[in-house]
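Features as listed in Swiss-Prot:
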type	residues	note
BINDING	Asp291, Asn293, Asp295, Glu302	Ca(2+) 5 binding site
BINDING	Asp327, Asn329, Asn331, His333, Glu338	Ca(2+) 6 binding site
DOMAIN	98-133	domain 'EF-hand 1'
DOMAIN	137-172	domain 'EF-hand 2'
DOMAIN	197-232	domain 'EF-hand 3'
DOMAIN	233-268	domain 'EF-hand 4'
DOMAIN	278-313	domain 'EF-hand 5'
DOMAIN	314-349	domain 'EF-hand 6'
CARBOHYD	Asn40	N-linked glycosylation site
MOD_RES	Thr193	phosphothreonine
MOD_RES	Thr217	phosphothreonine
MOD_RES	Thr265	phosphothreonine
MOD_RES	Thr299	phosphothreonine
REGION	309-362	region 'Necessary for intracellular retention in Golgi apparatus lumen'
SIGNAL	1-36	signal peptide
Amino acid sequence: MVWPWVAMASRWGPLIGLAPCCLWLLGAVLLMDASARPANHSSTRERVANREENEILPPDHLNGVKLEMDGHLNRGFHQEVFLGKDLGGFDEDAEPRRSRRKLMVIFSKVDVNTDRKISAKEMQRWIMEKTAEHFQEAMEESKTHFRAVDPDGDGHVSWDEYKVKFLASKGHSEKEVADAIRLNEELKVDEETQEVLENLKDRWYQADSPPADLLLTEEEFLSFLHPEHSRGMLRFMVKEIVRDLDQDGDKQLSVPEFISLPVGTVENQQGQDIDDNWVKDRKKEFEELIDSNHDGIVTAEELESYMDPMNEYNALNEAKQMIAVADENQNHHLEPEEVLKYSEFFTGSKLVDYARSVHEEF
């Protein structure tokens with residue numbers, strides 16, 4: 001009796017003998033095909049370009065500032081001024097007990113007189129301290145970014161030097177851009193990039209302190225990236241926001257103008273809820289915090305005062321607002337149980353078993 005696999009081997013024997021040769025040939029063909037195809041470096045180049053662009057472009061979001069550059073409310077503001085440098089330390093994936101302990105350590109630092117309650121004055125002092133941390137962080141980042149756009153290291157950056165680096169981050173050849181600028185030739189850029197360049201140039205000129213020389217020092221470059229560090233640049237940022245929101249051209253803002261929905265239509269109930277929250281939150285912010293004289297109109301001066309992160313009066317108002325959110329027993333102070341219960345407001349993460357954990361951490 002011949003086993004089936006023996007019979008099969010005898011029938012396919014000649015072909016089986018060719019198998020190693022065929023495999024070798026197939027491998028050679030695949031290798032040639034792989035080597036003939038150009039390597040895909042586009043994603044790598046894109047990541048590098050994005051990193052370079054992020055290093056030299058003014059950020060849309062400024063930690064510790066109430067409004068974004070586009071006039072939207074800073075949704076993370078309360079967490080930023082409560083956590084400071086610990087902003088990234090309360091991830092959803094973090095171990096809950098460790099997060100609760102960390103939150104109670106912060107509570108103890110805010111509670112200067114150790115009476116296990118946080119007053120508005122204590123919270124005000126803490127907000128100012130955390131805002132200063134964000135300022136220091138921005139200064140350190142700006143120093144690094146300044147070196148990236150100051151290739152000759154002379155301590156000054158011209159608009160043309162910055163323009164070369166910016167367009168290089170957009171994928172243009174640095175040498176070709178530099179040559180075109182030197183020869184006063186027209187640069188071919190798309191409409192969107194041209195618009196960004198024009199806005200950046202306006203901002204560059206504003207950051208150039210008198211006497212204007214169109215060269216930015218390291219300090220002026222900091223103001224260019226972070227307008228909250230300069231009174232003049234903060235005023236310029238406010239002017240830009242008012243210009244974007246002001247619908248009747250009177251250079252001030254009414255409630256309807258400030259709460260106007262962003263461009264876009266509501267397509268579903270979730271979108272409607274988001275838009276309803278947008279209106280409610282902005283109306284409350286306008287009436288309770290920005291419109292200081294409560295006349296229904298916000299001037300550029302009122303908006304500038306509201307956005308100034310180092311304004312102690314604003315810090316006190318924010319402290320009172322933050323306490324009011326969690327002050328369940330209405331004693332105008334924050335207690336450990338309240339901070340833990342409203343941990344999502346203070347840290348962005350919801351910490352469970354807050355009442356029991358008070359005894360654990362203390």
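Glycine too: its Cβ is placed from the backbone N, Cα and C atoms.
Projection of Swiss-Prot feature records onto the structure.
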residue	record	Cβ contacts under 8 Å, 6 or more apart
Thr193	phosphothreonine	Leu167, Lys170
Thr217	phosphothreonine	Gly155, His156
Asp291	Ca(2+) 5 binding site	Ile297, Val298, Glu302
Asn293	Ca(2+) 5 binding site	Glu302
Asp295	Ca(2+) 5 binding site	none
Thr299	phosphothreonine	Gln252
Asp327	Ca(2+) 6 binding site	His333, Leu334, Glu338
Asn331	Ca(2+) 6 binding site	Lys117
Listed binding-site residues (Glu302, Glu338), ranked by Cβ neighbours within 10 Å, top entry: Glu338
Reported mean pLDDT - the domain 'EF-hand 6' (314-349): 95
Lowest local Cβ density among Asn329, His333, which the record lists as binding-site residues, within 10 Å: Asn329
Shell of the Ca(2+) 5 site beyond Asp291, Asn293, Asp295, Glu302, same chain only (C-beta within 8 angstroms of their C-beta centre): Ile290, Ser292, His294, Gly296, Ile297, Val298, Thr299
Distal contacts, the domain 'EF-hand 5' (278-313) - CB-CB under 8 A, six or more residues away: 64-67, 73, 124, 128, 131, 134-135, 228, 234-235, 237-239, 241-242, 251-255, 258-259, 261-262, 321
The domain 'EF-hand 6' (314-349) in contact with the domain 'EF-hand 1' (98-133), cutoff 8 A, at least 3 CB pairs, sep 6+: yes
